[in-house]
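Here's the structure we're looking at; comments come further down.
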Amino acid sequence: MNPNQKILCTSATALVIGTIAVLIGIVNLGLNIGLHLKPSCNCSRSQPEATNASQTIINNYYNETNITQISNTNIQVEERASREFNNLTKGLCTINSWHIYGKDNAVRIGEDSDVLVTREPYVSCDPDECRFYALSQGTTIRGKHSNGTIHDRSQYRDLISWPLSSPPTVYNSRVECIGWSSTSCHDGRARMSICISGPNNNASAVIWYNRRPVTEINTWARNILRTQESECVCQNGVCPVVFTDGSATGPAETRIYYFKEGKILKWEPLTGTAKHIEECSCYGEQAGVTCTCRDNWQGSNRPVIQIDPVAMTHTSQYICSPVLTDNPRPNDPTVGKCNDPYPGNNNNGVKGFSYLDGGNTWLGRTISIASRSGYEMLKVPNALTDDRSKPTQGQTIVLNTDWSGYSGSFMDYWAEGECYRACFYVELIRGRPKEDKVWWTSNSIVSMCSSTEFLGQWNWPDGAKIEYFL
């Protein structure tokens, strides 16, 4: 075959292949048009429930992806529109003991994985799920930028959330808002998240609702505007949030803001007998919200704010019981104080919580009176009102030989049942300042929920070995 014949043969073959490709394309186009215009489909294969576009692409051919995506978007919009504001209609369940709810082992896993440096963690639920929350430091435990993460406030912190009992990684964390102080809660329709950022003398809060910024609040005392560091609570769409601006070791200006869909309905200055308020841990029941806070100025006993979200009013006092629950603190006295701080905290403190329910009252505190180590739950009937109330029952959560930290309350208000199950978390701080062989400060989380059974207890430490990081 001479060269001209070879060229003719090759051209003819290419022409035939091209014609076949065009015909296949026409047939494929016709099939696609037919599938899109077909009024109904008795498909035997069920559509996946994924609402995320990337998940849908994995599970479907491209021409089906568009159909599924549009359908799921409609479902999401309809579900959000049909959801009602949550109403706090139930009381607390009887609490006889505490069972394990979640544990993320973040520091242990972070020894060889991309786990984010965090602090100030908490738990918050919505109608679909409960998630862990924390303030990230914008770096991983093993990253070089983890040097200096002992500091609370920087431009690199943000509020993140991630699946319950998983460690917070660069792959599974969702940024809720940017800042170094936060709170977040779901009203039944959508989530409100608040983040505070900026320099100490000029910080501001941005209020996000349904993942969009809605309102801003500027500093009023120019001294580290700050908020709860755990979840807020909503009643029929009204979500009270406690803010403080001012000295941590002297008088400060505390305000209670009432939000609805991220917008301010009202705010009022602190009233009642509490002298200093920081880092409130709140829960809701019977249409009211109760917040147990930190008096960093004078009190080893904890101040309490009781909020009526319907009337948008509040009052405050101290837990009357002589069972002191801040840290540091003196030994428990014989008689407590209801309207004044009990001295002995040396201008210091730690975030904490309680469930104040008459004879069903439980208080949480570190076991150590001098450092953030150990954690225990104590049943102290009528602790809010009885200045001689004593523990009648207890449960150790973390042994005193292991580090603890902040703690706070949360509840799943959408769980089935005739009452709300009380829950709490404990921050397990590792690294600096106590473990100064490493350059970072981070934490893991353990969380517990109440049981009507009398369950056994166990130690739930962080469990990471610092020498593995050296």
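Using N, Cα and C of the backbone, Cβ positions are placed for all residues, glycine too.
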Inquiry  = Check for me: which candidate out of Cys280, Cys320 does Swiss-Prot give as the disulfide partner of Cys293?
reply    = Cys280
Ask   = In Swiss-Prot, the residues Asp295, Gly299, Asn348 are said to bind Ca(2+). Which of Asp326, Asp332, Asp386 is said to bind at that same site?
value = Asp326
Query = Going by Swiss-Prot, which one of Cys185, Cys195 is joined to Cys177 by a disulfide bond?
reply = Cys195
Remark   = Among Cys419, Cys449, Swiss-Prot lists the disulphide partner of Cys423 as Cys449
Ask   = Who sits close to Glu278 (substrate binding site): which same-chain residues at least 6 apart have their Cβ under 8 Å from its Cβ?
value = Arg226, Thr244, Ala248, Ala252, Cys293, Arg294, Asp295, Asn296, Gly349, Lys351
Note = Averaging the pLDDT values of the region 'Head of neuraminidase' (92-470) gives 99
Message = My understanding is the cutoff is Cβ-Cβ under 8 Å with a sequence separation of 6 or more in the same chain; which residues meet that for Asn147 (N-linked glycosylation site)?
response = Trp439, Trp440
Glu279 (substrate binding site) to Tyr406 (active site, nucleophile) - Cα separation in whole Å = 10
Query = Just checking: which of Arg119, Asn202, Arg372 have a Cα that is within 10 Å of the Cα of Tyr406 (active site, nucleophile), counting only these recorded positions?
reply = Arg119, Arg372
